[in-house]
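The structure under discussion appears below in the form of structure tokens.
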């Protein structure tokens, strides 16, 4: 869940987001070490009078500053590629949900059910109940079972949109005429909020996404009541 003046990432609630958080920390540590080394060298150059104007060739130094950056890039690339492959894997999803972006709302269709589909609009500020979040609540939440692989098929009816839920590590473009897919799985129940992350017009800021992750038994009861 996000909170005001937050500087870090949202709490991870999916295996993919946990991997992304670890990769972020891993890369940030490398960047911090490189920045510290560069600042240290710059400070030495500014505070010492020693110079090497007569040095014309230094094979050892050139070898080091060629091999070292290559090794650093490999340390960053390997875990990044691993996560990319993990994000593309979809292993026997138990449920498929088709998501369509519109100006300016989302529509959802549970393709495994005969007639389970609805539109999801933002609740206006004047209609919010105590404790609800401004610009993030919707009239119809996307109810999904937790701890199970779910496939999202994402597209758009009009312009470019982007279906994003930060705490699940999801951000997939909704492109007219093209069907993108993403897989999600939540480790625990709860409400997870997102928003359209592609500028799509005057009401771009009013396209929230709310996922309600529940145990499988509650999801089955909900789906039965909706059909």
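Using N, Cα and C of the backbone, Cβ positions are placed for all residues, glycine too.
What Swiss-Prot records for 161, 196, 200, 207 is Cu cation A1 binding site. Listed in sequence order, the residues of the same chain lying 6 or more apart from residue 207 (Cu cation A1 binding site) and placing their CB within less than 8 Å of its CB are 101, 104, 105, 106, 122, 161, 195, 196, 200.
In the three-state DSSP reading, residue 200 (Cu cation A1 binding site) counts as coil. Residues annotated as Cu cation A2 binding site in Swiss-Prot: 196, 198, 200, 204.
Positions annotated as Mg(2+) binding site by Swiss-Prot: 198. Applying an 8 A CB threshold to same-chain residues 6+ apart, the list for residue 198 (Cu cation A2 binding site) reads 160, 161, 162, 173, 174, 204.
Residues or ranges marked as phosphotyrosine in Swiss-Prot (evidence: similarity to another entry): 218. According to DSSP, residue 218 (phosphotyrosine) sits within a helical segment. Summarising the environment of residue 218 (phosphotyrosine), the number of other Cβ atoms within 10 Å of its Cβ, over all protein chains shown, is 15.
Marked as topological domain 'Mitochondrial intermembrane' by Swiss-Prot: 1-14 (among others).
The topological domain 'Mitochondrial matrix' feature in Swiss-Prot is assigned to 46-59.
What Swiss-Prot records for 88-227 (among others) is topological domain 'Mitochondrial intermembrane', and it gives similarity to another entry as the kind of evidence.
According to Swiss-Prot, the transmembrane segment annotation covers 15-45 (among others).
The list of residues near the transmembrane segment (60-87) in space but at least 6 beyond its ends in sequence, with Cβ under 8 angstroms from a Cβ of it, reads 15-16, 19-20, 22-23, 26-27, 30, 34, 169, 182-183. Summarising the annotation, Swiss-Prot assigns transmembrane segment to 60-87 (among others).
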For the topological domain 'Mitochondrial intermembrane' (1-14), what are the same-chain contacts with Cβ under 8 Å, counting residues 6+ beyond its ends?
20-21, 24, 166-169, 184-188, 190, 192-193, 213
Shell list (Cu cation A1; ref centroid = CB of 161, 196, 200, 207; cutoff 8 A):
101, 103, 104, 106, 162, 174, 195, 197, 198, 201, 204
Cβ-Cβ under 8 Å with the transmembrane segment (15-45): same-chain residues at least 6 beyond its ends:
9, 72, 75-76, 79-80, 82-83, 86-87, 166-170, 184-185, 187
Which number gives the other C-beta atoms within 10 angstroms of the C-beta of residue 204 (Cu cation A2 binding site), all protein chains shown included?
16
Roughly where does the topological domain 'Mitochondrial matrix' (46-59) sit in mean pLDDT, to the nearest integer?
74
Remaining residues near the recorded Cu cation A2 site, that is with C-beta within 8 Å of the centroid of the site residues 196, 198, 200, 204:
101, 104, 159, 160, 161, 162, 197, 199, 201, 207
